Each structure stands twice: as C-alpha cells, then as structure tokens.
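Per TrEMBL, the features are:
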- 1-87: domain 'K+ potassium transporter integral membrane' (DOMAIN)
- 20-39: transmembrane segment (TRANSMEM)
- 51-71: transmembrane segment (TRANSMEM)
- 83-106: transmembrane segment (TRANSMEM)
- 100-341: domain 'K+ potassium transporter C-terminal' (DOMAIN)
- 126-144: transmembrane segment (TRANSMEM)
Amino acid sequence: MLVTTFLMVPIMLLVWKSHWILVVTFLVLSLMVEFPYFIACINKVDEGGWVPLAVAITFFIIMYVWHFCTVKRYEFEMHSKVSMAWILGLGPSLGLVRVPGIGFVYTELASGVPHIFSHFITNLPAIHSVVVFVCVKYLPVYTVPVEERFVMKRIGPKNFHMFRCVTRYGYKDIHKKHDDFEKMLLDRLLIFVRLESMMDGYSDSEDFTMSEQKVERSANALLMSEKAGSNTLCSGSDLSYSSSHDSIVLAKSPLTGNNSLTRYSSQTYGDELEFLNSCKDAGVVHILGNTIVRARRDSGIIKRIVVDHLYAFLRKVCREHSVIFNVPHESLLNVGQIYYI
C-alpha cells in the first residue's frame, strides 16, 4: 500500500498534471492510514506479522525473475533478427525447397524476421510455400474489437509469399474454445490479398487517400461478396490505405482510367488466391519459436538456480500459444534455440 501511494505521486504530477496541493493532500491522508498499519506489522513480525511480508517478498522475487529473464530473451531476439537484405538475397525459394502448405511462424517480434526463422531454414532443407509470421500482443486496453484485432502486412516481393500478422488482444479478451484461430488467420490473409490487389489497381487514381479508419467496412464488404458469390467486390467504392498502421479501407469510386490496371490486378489476384487456396488444402503447420534462456557457465550458483530452474519452471507452467489458440497437436512444430545470459 505504501509503494502504491508513493508511485501515485509522479502519476498525479506528470501524467494527470494535478495541482501540488491536491497531491500533498492525497499523500498525507493516505500515509495517515497506511503508515501506522505498516509500523504495526513491523512491531508484530515475531507474532505473525511476517506472513504478509514473506508473501510480498515471494511475489516480488517471482515477478522480478520473470521480468528480468523475459526482457533478456526479448533483447536477444531483437538484436539477432534477420535483415531483409539477407532474405532478399536468398531469392523467392529462400534457398530451400518450397513445399505446398502454409506455415504460421509464431514470434514475439512485431517487426523484422526473427532469428528463429533463420535457424529453422538453416537446419531444415524445406519450407512451406506460404509463410506467415504471427505476433500475438496483449495491449494495455480493456478489449480490442475483432475488426481491429488482425493487422496484416506483406514481407518482401509478392513471389516470396511471406506475410506478417500482428494479433492484438486486450487484458479482458477471452480466448474461447470454439474460436477457430487458424480459420480467422486464413480469412484475414485472403482479405488482405484481395484488398492489396484492389489497391494496386487503383493506386494511380486521384481519389487515392490515406486513412486508418473503418477497416471492418472493407472486411465485411468482402465477406458479404464472397457469401453472395459476387464477382464484383465493392463496385461503388475504392481504396484508401494507411502505410503506418497497415490498414486498408474503402473510400470513393475510382477513376475510369484505371480499368486496364484493375483487370491486370484482378488477374494477378486470381492467380495468388488460387495459389493460397491450394496451399491451404495442402495443409497448415504452426511453427512455435521457443528461445530457452540459460545461465552462463561462469555464473554464480544463485543465478544458475534462478535462471535454469525458477524461470524454467515459470515458463513451463505458463500456457503456450498452442494451448491458448487450440492448435492441433498434429499440426504443431516446435523450433528451439538456447540463449545464455
């Protein structure tokens, strides 16, 4: 309670811009209640007051160990991520055999290609024809609307068939068992490819605008057109695109001068859609990147116990993405590497 009170002071001063008299009043009134209670606990340590202190110290150690090792693991992945120049140098085949199918590579990086991917293609002779890097982020908001949950982006040229999907959740969003996470990813991938092809066809229009709103309108229009079996997607709308947030939405009608570009884009989209559907029918594999943190050999005994045993136990009892999103066991592939701190 004392720590919370003292942490509220900079929040009130720097964030809320409260008057200093209000801050002092809050601090004095809070300490009048909390400080005597704290002194009473200190004086009664040998008579049972040690219990809340021991519980507090235990939780503090657990949270500190988890935070320290998680930050170190994330820093390792950030500094060792693969550059796009290296990916482009491999060519469309990535220097491997591209087998039919779609591979969802789970990573904690929202940008760049994770090092676990280079580790994967270095030790295995083949990779799927379509690769989607899936990054699951939990935001400090109550909930994220379903229409804003998935942010798709293409990585590299189109013939590489590599994408990134950042999946965002709020701290109150619940993963329901009947939610088909794999189907939602595939649906968003197809919608993104279709919108991208439409954007390419209308990119020279003077009505091309930049926006980041109403993503659901475009997605719903595409889904309705698919259900109705219509060949024309949204005849009365064109596209607007936000490069900063990877959002594609609908706006006004395009100019008629882009008909040739539209026909070419539709043909290209049809080929890629057919390719994606064939890969989907071939099978989907979920590739989980697992960076194992270990203490260095010259580390002390305490650090070895904390990192090699306590943190490893915390990672083990935490649910993985495969459990949270109900990934079938037969479609799961774990790729691990060890990082020494």
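Cβ atoms here come from the backbone N, Cα and C positions, even for glycine.
Nobody curates TrEMBL annotations by hand; they come from automatic prediction.
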Legend entry - the domain 'K+ potassium transporter integral membrane' (1-87), counted residue by residue under DSSP: helix, strand, coil: 75 helix, 1 strand, 11 coil
Legend entry - For the domain 'K+ potassium transporter C-terminal' (100-341), mean pLDDT (0 to 100): 71
